[in-house]
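J.: One structure follows; several queries about it will come next.
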Amino acid sequence: MRINPTTSGPGVSALEEKNLGRIAQIIGPVLDVAFPPGKMPNIYNALVVKGRDTVGQQINVTCEVQQLLGNNRVRAVAMSATDGLTRGMEVIDTGAPLSVPVGGATLGRIFNVLGEPVDNLGPVDTRTTSPIHRSAPAFIQLDTKLSIFETGIKVVDLLAPYRRGGKIGLFGGAGVGKTVLIMELINNIAKAHGGVSVFGGVGERTREGNDLYMEMKESGVINEQNIAESKVALVYGQMNEPPGARMRVGLTALTMAEYFRDVNEQDVLLFIDNIFRFVQAGSEVSALLGRMPSAVGYQPTLSTEMGSLQERITSTKEGSITSIQAVYVPADDLTDPAPATTFAHLDATTVLSRGLAAKGIYPAVDPLDSTSTMLQPRIVGEEHYETAQRVKQTLQRYKELQDIIAILGLDELSEEDRLTVARARKIERFLSQPFFVAEVFTGSPGKYVGLAETIRGFQLILSGELDGLPEQAFYLVGNIDEATAKAMNLEVESKLKK
């Protein structure tokens, strides 16, 4: 992190002595630039191309050096469109990596990969900037104590709890509710924990980014009247951006989060939607740089790139960064190299199931596939652990019996199995929950359920105390008291119909 009062713009430092080169070749978003002998820029240095195109339009393109080719040439990847660039144009070596604004000035604002505001709310204070390329904290700086991060979402808190300062992956195919779950987590965490969040929109739809921004303004996470009171900074590099921007936007968001952790000594939440797009952009850049592809066409440096990002997301003695990352799973194949590489870094996984989404059970979190390293008796306590294990056993037995039920029907099951199926169906429905951010679609008010309430509810179902209630009473409710109240309402309605 550096204090730089002479910064001319967020992404680039003003230099007294300019090191100038010229464009030698343009291949889409990749530029080859020739520099004078002995004046070669370093890897990761930011280069700036300024000038006018053939119709007189102003051009200002920032690139990042990726390769030193020899013969005084470097190969750089552009962070914005290269339309209008021509061979021979002048290129300025800034002498430093891309640097972005950090600190309180970033809250409530939307930035691009260069740290430039894109929300039409005026300039941002850029006196304090930080380079996006940094090494991970030293081992001695890390904090190792284990504690649960309560989200207020029943299925998450009970079966795959999140670690404070950990990394959590949201896995699922297209359209099963990853982004809605992320929005709910931002909403709950801002309200329940009062924490600062940084949202990195990596290669996702611009419409979704806009929807999220509007949602945050409505919920008060972004305070329009007093922008400094906002609880989140947004960084976007969306689908329409060149691969260079999509590859680096995650680092821009992480750099902003690191400042809150290291300097302000805060607990920070870093949301990345979607980490797969970070890998995808790296794959595109790798091909453009002429590297031989690896398995399934991915870049050979996949593990290195993922590691350099993930190792910086950690808890130190100053504060913590808890990261929640949406992971798009191509063709729902968890063995694909991109999600498989991501798995290695995660403390918890929340797997979203298309089957549950088809049944209308939201959030469509798969209770048997989702895992957490925190679900151990010494961390969560015996009561929580035992309840979670019994819920999983009941659901697993129901899954095993489904083929028999499909062929022979429920009547052929033993009394014990019929009871297990009935309780499993109640549990399945009780794992659903109305979300605050989905109120506009469902008309049901959102519910935040504390961990103690969640455990109590599932214990009552497992003990058989609620065997007499209809299973639809457990669908889309908050705590167990709401389920019993809903059952009474259903009973009254059925009597009135008769």
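Here the Cβ of each residue, glycine as well, is placed from N, Cα and C on the backbone.
In case it helps, Swiss-Prot gives these features for our protein:
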BINDING   Gly172, Gly173, Ala174, Gly175, Val176, Gly177, Lys178, Thr179  ATP binding site
J.: Other than Gly172, Gly173, Ala174, Gly175, Val176, Gly177, Lys178, Thr179, which residues of the chain come within 8 Å of the ATP site, judged by Cβ distance to the Cβ centroid of those residues?
T.: Tyr328, Leu352, Ala357
J.: Looking only at DSSP and grouping its letters into three states, which state does Gly177 (ATP binding site) belong to?
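T.: Looking at the DSSP assignment, Gly177 (ATP binding site) belongs to neither helix nor strand, so coil.
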J.: Which Cβ among the binding-site residues (Ala174, Val176) has the fewest C-beta neighbours inside 10 Å?
T.: Ala174
J.: What is the total of other Cβ atoms whose distance to the Cβ of Gly173 (ATP binding site) is within 10 Å?
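T.: Result for Gly173 (ATP binding site): 16 neighbouring Cβ atoms inside 10 Å.
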J.: Looking at Cβ-Cβ distances, which residues of the chain lie under 8 angstroms from Gly172 (ATP binding site) while being 6 or more apart from it?
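T.: Lys178, Ala326, Val327, Tyr328, Val329, Val351, Leu352, Ser353, Arg354, Ala364 - these are the non-local Cβ neighbours of Gly172 (ATP binding site), listed in sequence order.
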J.: Same-chain residues six or more away whose CB lies under 8 A from the CB of Thr179 (ATP binding site)?
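T.: The answer is Glu204, Glu208, Leu212, Asp273, Ala326.
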J.: When DSSP is mapped onto helix/strand/coil, what comes out for Gly172 (ATP binding site)?
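T.: Reduced to three states, the DSSP call for Gly172 (ATP binding site) is strand.
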J.: Which one of these binding-site residues, Gly175, Gly177, has the sparsest Cβ neighbourhood, judged by other Cβ atoms within 10 angstroms?
T.: Gly175
